[in-house]
There are 2 protein chains.
Amino acid sequence: MSRDFRTAIATVCLSGALEDKLAAAASAGFDGVEIFEPDLVASPLPPGEVRLRCADLGLSVDLYQPFRDLDSTVPDRFAANLRRAERKFDVMEELGADTVLVCSSVADDAVEDLDVLAEQLRELAERAGARGLRIAYEALAWGRHVNTYDRSWEAVRRADHPALGLCLDSFHILSRGSDPAGIAGIPGEKLFFLQLADAPHLSMDVLQWSRHHRLFPGQGAFDLPGFLAPVLAAGYSGPLSLEVFNDVFRQADPARAAVDAHRSLLALAEATLPAAAGPPAPAVRGHAFVELSADDSLSPVLAALGFARTGQHRTKPVERWEQGSARILVNRSGSPAAVGALAVESADPSGAAHRATWLDATRLPRERGPAEADLAAVTAPDGTALFFCRTGSEEDWTGDFVPTGETAPGIGVTAIDHVGLAQPFDHFDEAVLFYRSVLGLEPAADGEFAAPFGLVRSRAVADADRRVRLALTVSLLRRGEWAPGVSEPQYVALAVDDVVAAARAARAAGAPLLAIPDNYYADLAARLDLPAERIAEYRELGVLHEENPDGAYLQVCTEVLGGRVFLALVQRLGEYDGYGWTDAPVRMAAHRRRRLAREHAHA
Amino acid sequence: MSRDFRTAIATVCLSGALEDKLAAAASAGFDGVEIFEPDLVASPLPPGEVRLRCADLGLSVDLYQPFRDLDSTVPDRFAANLRRAERKFDVMEELGADTVLVCSSVADDAVEDLDVLAEQLRELAERAGARGLRIAYEALAWGRHVNTYDRSWEAVRRADHPALGLCLDSFHILSRGSDPAGIAGIPGEKLFFLQLADAPHLSMDVLQWSRHHRLFPGQGAFDLPGFLAPVLAAGYSGPLSLEVFNDVFRQADPARAAVDAHRSLLALAEATLPAAAGPPAPAVRGHAFVELSADDSLSPVLAALGFARTGQHRTKPVERWEQGSARILVNRSGSPAAVGALAVESADPSGAAHRATWLDATRLPRERGPAEADLAAVTAPDGTALFFCRTGSEEDWTGDFVPTGETAPGIGVTAIDHVGLAQPFDHFDEAVLFYRSVLGLEPAADGEFAAPFGLVRSRAVADADRRVRLALTVSLLRRGEWAPGVSEPQYVALAVDDVVAAARAARAAGAPLLAIPDNYYADLAARLDLPAERIAEYRELGVLHEENPDGAYLQVCTEVLGGRVFLALVQRLGEYDGYGWTDAPVRMAAHRRRRLAREHAHA
């Protein structure tokens, strides 16, 4: 189209996988795209192929973004950041992108002195310019020392390098109330890139917080026992009353919400008032088993993962599979794979069930159980059955199974590390409170991540010894009309001591391990100082590696197994206490890709 | 249950109508409820019957809330507030509630001097005490002068009246970071009520704003032409690129989102760059017609509302109904009532369609139109057809209709005031931009309200002369599994000069006007200084009355007419520029009630 301006869109604006985004942008008439790095990292397309794809679609690659936290007051870190940049320049050359967005640093070691900052930017620009690339430096509104466009311009002006210019983003400038008039005085050739976004006027003041985001006690972050204690100490004798304004509860089934609310008061009163104590929560000692409903495809995968089929249920089509202390029951109901039941080892199963009932949980009729033994069980908010077991005791559930005598050498699985349970959108907070109050678990991690098909909030609950861990996730806005079946699956994470060895053995035995794109490993190599051989092993086996100062978390996932479940082998290094959420978007994109490939193959 | 504490829940915590909430609370085992005033106001149950209902359910009515903005530095206003309180005491006596929550004032005239405040609280308490009632005074975290519990306690302490005590709310105290330990020093008998809520730690800082709430240009509040102008003045020649992080777009169909995004850049460039101007937006001059698909039940209602059936389409089962300049086409397709098409009077229909197409709108195939004339038409984001007409011109659509010669005296409808279009949850921002850019309308009002079944966001767009107004609403989180069919209906608001006379005539003719509960009028009488006869008329006819310093908005609604449409008669007083959103929750609850009654009658 002959116009006086060109249009572009950042891939982050659009839902889906990178190829969905490129196709949508081209079809809508955009001239170019900004490639948002996480979209490339999650994509199986090599950068050179993205370049060709864009060319075929008539799209230019106008920007690669973002490069974060370049400058540093610590010389070693700055040197590492330059090395990281060189890796990204490699990617840009393959992509055919000549400009990279460099954000002002938000890190503790960000450079405050404008001359030092200019010098570091000049050094980066010199390297970029030598390869025919350009640096567009942008002041983030929340940058540590550079958060206004005039300050970013002053740094660029002092650096005075032809390969260095500014990126201006309307959000960062207008959200701070800066006057854009001064931009007119900047030389046009120094304005390398322009990003546009509108926004509503928003202030999440305490009023908005109060009117939309309150929760029932035990679902949030307030110390409510610490609040209630002085009120009772003062002699208050009226009711404990809930006043909770919450957008989700406002539209939820009131009968369910009221049960959730009532449970919150029982738990709060118990935590504060000795007279209000309910039946105690017996200690949980680990995952007893996970029951998966399944068709015939699941058992071979368990075998390939080193599990032995150690038992066959006396009366039901249920198999018991074991490895280390990990036990998985396979209910060969023929239905698509899903987590049907969780079972925890309890110091006192009937006491635990008694407590759950006191907390308004629904007792599960016995016939629903996977076992003949009179296992105490209740229904969790998402419908999963929750069993309380004491394996090895008199009422042992294992007696319901006829031993097969089968054994397997195993691949090193030692236990169930955790179970991942995607929640219905309006039962997420309820689930957190349920597991806290019924099992005595405590919130162990909180997060949110931008998954390929929408934002996902996540929260893990665990016991203090980390013997029972549950990772809960929710897609608050996900409706999936345009891409059905991409909602977050459930999973069982299996603990191993050496994920590379375990994955190699599993693959040799035919386990359908999920392939992770090369772009992920290129990015991993740029980000972390890992030996090249190790990255090569990771790439070969599809190992995802995330780390923080506490340690690292390595995982290998299977494909989604004929339903909404996958299995993962996970290795924790050091004191890592997370749940793989950093890499979850990459894993979710890979799962979606496999699904499409399978559907394509069957079509 | 024998416990050392009683439990209660505010009705505002739960979704649904008041009776749904009470049933849910009782079923979950709560001992009592706080009655949230808007729930009572929207309910048809007289307060005495709510009392009986609660007693039947085993619930005590522990609190009536909230009473806002009592104290005032303006003596007349304080006197008016005391009169308002007396009306609420009447309601409390019928309800059987002995305690009312009085919030610290947020108004400009709030009293700062603690002795004066104590005196005003004492006066209120004296009146309450005389009727055996109690005042629980609460410091809102955003109260104007009283926003901490120690300040509210100081006021109560100085007032020193047995009928005056404190209400403590954990949210208001903990959200501000106050130390609750000091509460232990307050005499217990002065702690009249305790409200509990948890909350996540939230700070809607610029980072969160940026990552979740950005919009495409023209959808938000930023002055982006004013931002782009200096950038272009500086000589920037790169692409106009969008970088928008938005939780809704993240999960929307990328093909649609990209069209929306592209449109935003065309409109922004046009507003800034002379060379980028598209075809001009011809002036809109009013609503030409609204086409409603309908079964046989709609036409009698139009007749009862004073419309004449002035034409019958030459070839299609479409009738033309007219009154004043309001025209409604009834497409007797037999399908449930819905808005099928909007038509605006345009100074240049084909130019308007040309512009719409330039803005990536989809042209509507001619056969979909209600007329034979080659009307220019496009599809709006929610699927509604949008026609551009010039009634009275050569290509006049009215020629497609055979005149019936029928006339009607009318009930005073002069024109279409506006059309209310509930939007699919992920096309709300897109719709705003569509009507802005395609029709040249501008955002005219913004709001959100807590509807009985979830939060509703609203935004109106209109031309400068207010000849074309569209009220857009969206239920972002509404999924409706527990209460299907209660999503917000569409409506056509018909302008009248005397809503009482028009409603009386309509009712005499058999129009199914929506009954509004007495509680609404009791509240109206308490809030506003309206003559008793006027309120009696309102009550008789179901008139909703909202006002602000600009004027007032009076409306009478029909029941929902066999689908998802209702009609409203609206009268604007003064310069009132709103859309009835203040009273929308009451109207929505009434619509829901009628629906249930009909379903019950048919069952």
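Each Cβ is built from the backbone N, Cα and C atoms, and glycine gets one as well.
Cross-referencing A:Gln120, A:Gln195, A:Gln219 with the divalent metal cation binding residues that TrEMBL gives (A:Glu138, A:Asp169, A:Glu243) picks out A:Gln195.
Most Cβ neighbours within 10 Å, among the binding-site residues A:Asp169, A:Glu243: A:Glu243 holds that distinction in the structure as shown. Using a 10 Å Cβ-Cβ cutoff, A:Gln195 (divalent metal cation binding site) registers 24 neighbours. According to DSSP, the secondary structure content of the domain 'VOC' (A:415-559) in residues is 42 helix, 54 strand, 49 coil.
Here A:Glu138 (divalent metal cation binding site) comes close to A:Pro66, A:Leu101, A:Val102, A:Cys103, A:Ser104, A:Ser152, A:Leu166, A:Cys167, A:Leu168, A:Asp169, A:His172, A:Gln195: these same-chain residues lie at least six apart in sequence, with C-beta atoms under 8 angstroms from its C-beta. A:Gln195 (divalent metal cation binding site) falls within a strand when secondary structure is assigned with DSSP.
Across the domain 'VOC' (A:415-559), the model assigns an average pLDDT of 91.
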